[in-house]
Amino acid sequence: MASPSVWESIQNEPLEPPPPGVVPNLVDPESRAYEIYVAASVCLPLIAIFATMRIYARVAILKRWTWDDLTCALGVIAGVVYLALTLNAATGGVYGKHIYEVTFKEYSTEQVLIALVFEALYGPFIWFVKLSLFVLYVQVFGPLQWLRYLAWAGAIITGLFYFIVMAIELAVCVPGNGHSSLAYLAALDAPKCVSTRRPIVIGLGVVSVLSDLYLIILPLPAVWSLQLPLRRKLAVSAMFFTGSVACIASCFALAYRIEIMGSDPTWTFVPLAVVTNVEFTAGIMVCCMPTTTTVLKQLKPRISSWITSYQKSIRSSTSSGATKSHELNSVTNLQPPHLDLSLKSSTELPSYAQNSWEGHENKLYQWPAQYEMASSYASGDANIRKTTDIKVTRQPLV
């Protein structure tokens, strides 16, 4: 381990030398930390929506609580805390950069602890999410003894594995001679930690993938043995197959866990954090889906009513606009009554115009008239009758 004087002298040096031909940028280096913010902006709202709908279903609709509510609540808390941990890592200015562009000064004790806690707590936290699914299966398919036994066996085996792995990693990688960043770096680089972490990290990824597959397949025989219409069976199966998103995320996480053991862990940390948060979110969504379906069934009539009312208002507005446009066109296209301009004598004029027309046979075109129209509509048994009244006001020039 470096002495304090040597440690002070390398504070502004990068953690690792750059690859050949690469000039490190220690002033304004490239960072992919924003990917964590993007993932959080999607995952957090989804967790909040599904958790809220589950609580609403239990309080307002079902009005009873079961054991899977407790385990699901633990899973939600674990998922939110883990997501907050990754957000904290993104704001630290270390993770998301290439390791050769991170200085010893930036890699503080807090940043070292984030990496250690991120890895050590993953197992127990993801187990709470998986436990909620195992308990859900026991709750839903309890009468099936074989499924009940397999669900409890899966919960116990995965729980033991995750907690034992966490204990081993903390025992061999936490420094026993201080809590400075130098002490943690020395402990993480110690041969016993390096030789232990690699199989632990790979083991975490493999067990997560296998347990996700187990959770997807386990309820399917029970679902298809139920006396349900084919459509209902497909719908229930699709609900459990949502967990395949978590399985896919676990596969990517396994690949990134292997990669993070390589030469650029601060850069690889970000995609690993993203897919891990997706895994947490997918598991929580599956856990909440049965009660979420209950809420959606209750809200369906209201939503249909809102949509129908909205469509009616749109049609009403469109019809009103068309009526006004028709009336405007009727006024614009209105033509004055036909007058026979060949008349030469006032005696030949219509009776309503004789008095005002006398003495102006040669200037009939100068006689102005104003027209006003009022339309009204009346509905009959099968048609709509339109009545138009025209008012003519004559203003002789002399």
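Glycine residues also receive a Cβ, built from the backbone N, Cα and C atoms like all the rest.
These come from TrEMBL:
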- 317-335: compositional bias 'Polar residues' (COMPBIAS)
- 53-297: domain 'Rhodopsin' (DOMAIN)
- 317-336: region 'Disordered' (REGION)
- 36-57: transmembrane segment (TRANSMEM)
- 69-92: transmembrane segment (TRANSMEM)
- 112-137: transmembrane segment (TRANSMEM)
- 149-172: transmembrane segment (TRANSMEM)
- 200-222: transmembrane segment (TRANSMEM)
- 234-256: transmembrane segment (TRANSMEM)
- 268-296: transmembrane segment (TRANSMEM)
Under 8 Å between C-beta atoms and at least six residues away from its ends: which parts of the chain pack against the transmembrane segment (149-172)? 116, 119-121, 123-124, 126-127, 130-131, 134-135, 137-138, 141, 192-193, 196-197, 200, 203-204, 207, 211, 214-215, 218
Do any residues of this chain, six or more beyond the ends of the transmembrane segment (112-137), have a C-beta under 8 angstroms from a C-beta of it, and if so which? 67-68, 71-72, 74-75, 77-79, 81-82, 85-86, 88-89, 92, 95, 147, 151-152, 154-155, 158-159, 161-163, 165-166, 169-170, 173-174, 181, 184-185, 188, 197, 201, 204, 208, 211, 215, 218-219, 243, 265, 269, 273, 276, 279-280, 283-284, 286-287, 290
Taking the transmembrane segment (268-296) as the reference, which of 69-92, 200-222, 234-256 gives the largest number of Cβ pairs under 8 angstroms? 234-256
